[in-house]
Amino acid sequence: MTAIAPVITIDGPSGAGKGTLCKAMAEALQWHLLDSGAIYRVLALAALHHHVDVASEDALVPLASHLDVRFVSTNGNLEVILEGEDVSGEIRTQEVANAASQVAAFPRVREALLRRQRAFRELPGLIADGRDMGTVVFPDAPVKIFLDASSEERAHRRMLQLQEKGSSVNFERLLAEIKERDDRDRNRAVAPLVPAADALVLDSTTLSIEQVIEKALQYARQKLALA
C-alpha cells in the first residue's frame with residue numbers, strides 16, 4: 001500500500017505571516033512547499049513565455065494541467081522555479097499581475113490548477129500556503145492551521161515592509177484596503193476565507209514570528225507524532 005504524504009495547510013488573510021511561517025516549517029521539517037498564491041502568476045508568466053493567449057481558456061487549460069513549477073525555501077527565502085528557471089522576481093511584475101487576474105477568471109483553468117496543486121502532495125510531506133488549502137484543496141489534511149491577526153496589526157506590518165523598500169505609505173489607507181479585502185474574501189460565494197472546522201486558529205497579533213513558528217511546529221509535531 002502506497003503511503004499518502006501528510007499535508008500541513010496554512011490558511012489566513014493577507015499580512016498574517018503565512019509565507020514566513022510556511023518557509024520556516026518547510027525548512028524545519030524538510031518538506032515540500034506550495035505557495036498557492038503564486039500559482040496564477042506562474043501560469044500567467046508561462047503563458048507569456050510560450051506566447052499562449054491569456055484570454056483563451058482553451059489554450060490555457062493544457063498549460064495549467066502540466067505547469068512545471070517548484071517552490072524552494074532556502075534560508076528563509078522562497079525561490080519560484082518555472083521550467084528550471086528562477087522566476088521569483090519576474091512573477092512580481094505588473095504585466096504578470098495583470099495577466100494573472102485574467103487567467104484566474106476561467107473556471108476550467110481554476111479546476112486544472114486545483115488538480116495541479118494537489119499533485120504537490122509528495123513524501124515526506126507538504127506545507128501548503130493559501131486561503132482555501134484546508135477547506136478546498138486539501139480537506140483531508142491531518143494538520144490545518146488558520147493564521148490570523150488583527151487588521152490593524154496586519155496594516156502596521158505592511159507599512160513597515162513598504163517603508164523598508166523606501167515607499168511612502170499612509171496607514172489609514174492601508175488599513176482601509178486590508179479591511180475591504182478581508183470583507184471581499186470572507187463573503188465571496190466560492191471558497192470564502194474561513195477556517196476549516198478542524199483547524200487550529202492561531203492569532204499572531206501579539207506574537208513574534210519566532211513564537212508563531214514555535215507554536216505551529218509544536219502543534220504539527222503533536223498531531224503527526226513527529227520527533
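Backbone N, Cα and C atoms are what each Cβ position is placed from, and that goes for glycine too.
What Swiss-Prot records for this protein:
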- Gly12, Pro13, Ser14, Gly15, Ala16, Gly17, Lys18, Gly19, Thr20: ATP binding site (BINDING)
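Other than the site residues Gly12, Pro13, Ser14, Gly15, Ala16, Gly17, Lys18, Gly19, Thr20, same-chain residues with C-beta atoms no more than 8 angstroms from the centre of those residues' C-beta atoms, the ATP site, are Leu21, Leu147, Ala149, Arg154. Summarising the environment of Thr20 (ATP binding site), the number of other Cβ atoms within 10 Å of its Cβ, over all protein chains shown, is 17. Shown in sequence order, Lys18, Arg131, Phe146, Leu147, Asp148, Leu193 are the residues of the chain, 6+ apart in sequence, with a C-beta less than 8 angstroms from the C-beta of Gly12 (ATP binding site). Ser14 (ATP binding site) counts 15 other C-beta atoms within 10 Å of its own C-beta, drawing on all protein chains shown. Around the Cβ of Ala16 (ATP binding site), a 10 Å sphere holds 24 further Cβ atoms from the protein chains shown.
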